[in-house]
Amino acid sequence: MASRTKRTLWQFLATVAGCIMALAHGITLGWFSPTLALFLSDESPFGKPLTVNQVSMASSVVPLGALLSNLFIGWPLDFFGRKIIMYTAAVPNLINWILLYFGDHVAFLFVARFLVGFSAGIMLVVIPIFIAEIADPEVRGTMTSMLILNMCGGISLGLILGSYIPYNVFPFVAGAVPILYVLLIFPLPDTPTFLLKRGRDEKAMKSFYFYKNLGSKSSSDLTREAAAEAEFNTFRENVLGGDVAQNASCRDFFSKTALKAFGLISVVLLCNSFSGAFAILNYVAKIFFELGSRIPPNTCGNVVGVFQLLGIFCAVLLVDRLGRRWLLIPTFVVAGLGELTVGLLKSFASKDFLRENSWLGLTLICFVEYMVSLGVIPLTFVVIVELLPVKILSIGASISMAALNILLIVVLAVYPLMISGLGVGSVMYMSAGVCFFGAIVLGMFLPETKGKQIIQ
């Protein structure tokens, strides 16, 4: 156990450094909610109160920015490397805070929020790939899941700090986080996989030794040196043994392995978007109003947010112990049963019963959010990097994240209309159906990728 901890030490520290960017993005997202009251008031920093349409636009440009960066980041990621692209993820986030500090017109807010999404689109592609390429298979799932844990933790931190730190001071506090991220990743080498693919064998060996904590090549322990060199040579053969070093062609995206990977990833993305994982947190006030809850909406939202964090934290602890299938499939089933129960409660319970038992709806929603946070929310990124063939990993991950952003845009547009038109009960039945669909399809076709080498 001690030797495993020593071996993965730099992998863990590099992952923590990379995930600070997710923390920065979460803070930016969380800050927006408590600051809305200021934007809608006569003291708005943009000269006059924002309208409802302007607030809606400020929210909707975030996923649009993410979608744009998703669509183009794949090729630069393979050409310039992981490290260079990791730097670029921090720049739009930092410019966002500069614009908000100096901006005196609502257009500054729109551009700033677009840049927030643009930054996130880069980060959510490059950081999982970076982690997958430096981490040992035994800890890869844990380290990849830390990305979403940091993002959700950042959202909670942004909600809290945004409520107490003045508007003109907050950019200095939040802007320091992406700067810290850049400083911490600066000494890290690029991934050995990328360096080998670009023909930089000597740098790849140094990177491999660094992340595996094998010591320098000139180690005085000849036995250890020989074992380390043999391990690197095996790794090098695995990376370059096929045609991985060649540029990906259209044919590579339509191979049997690639098509199966994209099919399974599509199911995971669909379930991530429509299982209720995203919608519950965004429309929690409306859902609890429909359930007749007398508990203040903000209180309900905070409690549900705590259970989301708890679920993701448990996923970080369990993903490399139980495996991907044993987290995804059972959590889909249990979350679906929870949503089915909420739907039945709304359809058949009386209004008096719902008002007198407000805790019941809150408990069920917290239970559902915990289960999807234990499964599909963090494991989406794990599944993407572990299923895709390494030759098309960068572009494939970029395509996958673009698809996820499109689905989330659809969810943001459709869910409030469905809740208003069909009611919470019908929406919960649909979400439960998506969960059961995911459990069946993934139960039949998803391979266990726990401990799997990503070199294919």
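A Cβ is built for glycine as well, from the same backbone N, Cα and C atoms used for every other residue.
Here's what TrEMBL has on this protein:
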type: DOMAIN; residues: 10-450; note: domain 'Major facilitator superfamily (MFS) profile'
type: TRANSMEM; residues: 12-32; note: transmembrane segment
type: TRANSMEM; residues: 52-72; note: transmembrane segment
type: TRANSMEM; residues: 84-102; note: transmembrane segment
type: TRANSMEM; residues: 108-135; note: transmembrane segment
type: TRANSMEM; residues: 147-167; note: transmembrane segment
type: TRANSMEM; residues: 173-196; note: transmembrane segment
type: TRANSMEM; residues: 261-281; note: transmembrane segment
type: TRANSMEM; residues: 301-319; note: transmembrane segment
type: TRANSMEM; residues: 326-348; note: transmembrane segment
type: TRANSMEM; residues: 360-385; note: transmembrane segment
type: TRANSMEM; residues: 392-415; note: transmembrane segment
type: TRANSMEM; residues: 427-446; note: transmembrane segment
The transmembrane segment (301-319) touching the transmembrane segment (173-196) per 3+ Cβ pairs under 8 Å rule: no
Positions on the same chain near the transmembrane segment (392-415), where near means CB under 8 A and six or more residues out: 59-60, 63-64, 66-67, 70-75, 77-78, 121, 124-125, 128-129, 132, 248, 252-253, 258, 261-262, 265-266, 269-270, 272-274, 278-279, 282-283, 380, 384-385, 427, 454
Cβ-based contact of the transmembrane segment (326-348) with the transmembrane segment (12-32), 3 or more pairs under 8 Å: no
Two-stretch contact, the transmembrane segment (261-281) and the transmembrane segment (427-446), at least three Cβ pairs under 8 Å: yes
Stretch of maximal Cβ-Cβ contact with the transmembrane segment (108-135) [cut-off: under 8 Å; candidates 12-32, 52-72, 84-102, 147-167, 301-319]: 52-72
Contact call for the transmembrane segment (301-319) against the transmembrane segment (147-167), three or more Cβ pairs under 8 Å: yes
Chain residues in Cβ proximity to the transmembrane segment (52-72) (below 8 Å; excluding those fewer than six residues from its ends, i.e. six or more beyond): 29, 32, 36, 39-40, 92, 106, 109-110, 113-122, 124-125, 398-399, 401-402, 405-406, 408-409, 412
